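TrEMBL lists GLN253, GLU303, ASN353 with the feature S-adenosyl-L-methionine binding site. For 275-338, the entry in TrEMBL reads domain 'Methyltransferase'. For CYS381, the entry in TrEMBL reads active site, nucleophile.
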Amino acid sequence: KKKAGEGCSLSDSSWEERLANAVTPLWRLPYQEQLQVKYESQRKILQTLASRLEELGIDGQKPGGLCCPLQPVVPSPIINGYRNKSTFSVNRGPDGNPKTVGLYVGTGKARNIVCVKANHMENIPPKHKQVAQCYEEFICRSPLDSCILFHEGGHWRELVVRTTSRGHTMAIVTFHPQELGQDALATQKALLKEFFTCGPGSTCALTSLYFQESTMTRCSHEQSPYQLLHGQPHIFEELLGLKFRISPDAFFQVNTAGAEVLYQAVGELCQAAGDTVLLDICCGTGTIGLSLAHQVSKVIGVEVVEKAIEDAKWNADFNGITNCEFHSGKAEAVLPQLLASWEDARPLVAVVNPSRAGLHYRVVRAIRNCRAIRRLFYISCKPEGEAMRNFLELCCPPDPRKKLTGEPFTPVLAIPFDMFPHTVHCELVLLFTR
């Protein structure tokens, strides 16, 4: 039997194996074979796009039935323990312990969820596993129950761990307050802080410990503020020679070493002359724009998470980058206004890096209708999902009924980057021109 991380031998019937197969289904394959599997899946996505374009009356077929040339999958510089962010759930484990901290096997729909410890998972670094183990020890000592179903009560919920190559560790504990008053909440926060600063959890050497009271599945800082219980408000990472500040809920590529390779490639493909303006849509903490700022005359970043924009502005100032401006708000609200009045004669290159939900139609429409944008990079972690809709909206013939008046884009190159070894996922960079 192959061993899956930290010397834990997995038997076919074990819960550990079931979890590894669910979260990292390629873990048994040698890495080169993993890359080949991913190449084939990306090839099928480009074949699908070519077929969909033909249905729209566009000759999308290239050699191999693809919509554009597909380069080999760019490997990740780090294969094991590459994740800089992990989210652990709290639920019943295989032994019935309702305070197990781990990852899910099963689905809520099938009502067969089991929470399995992630100590054997190859994509999660040892530090994340250590913090998860300590959090489980803490909540097992607590008289308060875990919150498995909101309406059934309980309090202790998920744990997010973020780490950086500089040795920083941030832990974020989510807590359902239910009917607890402020005094009772203050007591729980004090106990949590004491455990991780003076108690057994001090071995984790946390840089930051955050607490969030949340009555929803996912909660932004604006909806319910992240409360700093201990340490520094931010952790810091270095990327391509720049220093980046990271807030609790700010987006940062989950594979830092892989992100460096990805951003370098985008920089080379930009073909940015000195007068180029770079539009960085869904910019997070500004990593792409700031890493390419030295190549262009100006960077304009747009991001919905307000704290991430604060980070981006800090990052620009700290790194002495003066040709960037960042806008906070939903891209579908900010971008149409920004581009409708665009009269700058400089060439405009756009980079979009949306969530799995893809871009809002109003964002696509604003890009299509802005004549200055001739090159567009679409970075997608799930190109077969909602991103496919965006690809078709970018490439379809003009449609006055949908207010799509700008000339269509054409996909000209696809490069997959393996940001997620052992999983089936890839980060696909599609270059569109017109």
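Going from the start of the chain as shown, residues are counted 1 onward.
Cβ from N, Cα, C; glycine included.
Positions of TrEMBL features highlighted on the structure.
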residue : record                               : CB count, 10 Å
GLN253  : S-adenosyl-L-methionine binding site : 25
GLU303  : S-adenosyl-L-methionine binding site : 27
ASN353  : S-adenosyl-L-methionine binding site : 23
CYS381  : active site, nucleophile             : 19
Review point. How big is the S-adenosyl-L-methionine site in terms of the longest C-alpha to C-alpha distance among GLN253, GLU303, ASN353, in angstrom?
Key: 15
Check your understanding: What other residues of the same chain, not counting GLN253, GLU303, ASN353, have a CB atom within 8 A of the CB centroid of the S-adenosyl-L-methionine site?
Key -> PHE251, PHE252, CYS282, CYS283, GLY284, THR285, THR287, ILE288, ILE379
Check your understanding: Between the residue listed as 'active site, nucleophile' and ASN353 (S-adenosyl-L-methionine binding site), how far is it from one CA atom to the other, in Å?
Key -> 9
Check your understanding: Could you give the mean pLDDT over the domain 'Methyltransferase' (275-338), rounded to a whole number?
Key -> 93
Exercise for review: Pull the DSSP breakdown for the domain 'Methyltransferase' (275-338) and write it out as helix, strand, coil residue counts.
Suggested key: 30 helix, 16 strand, 18 coil
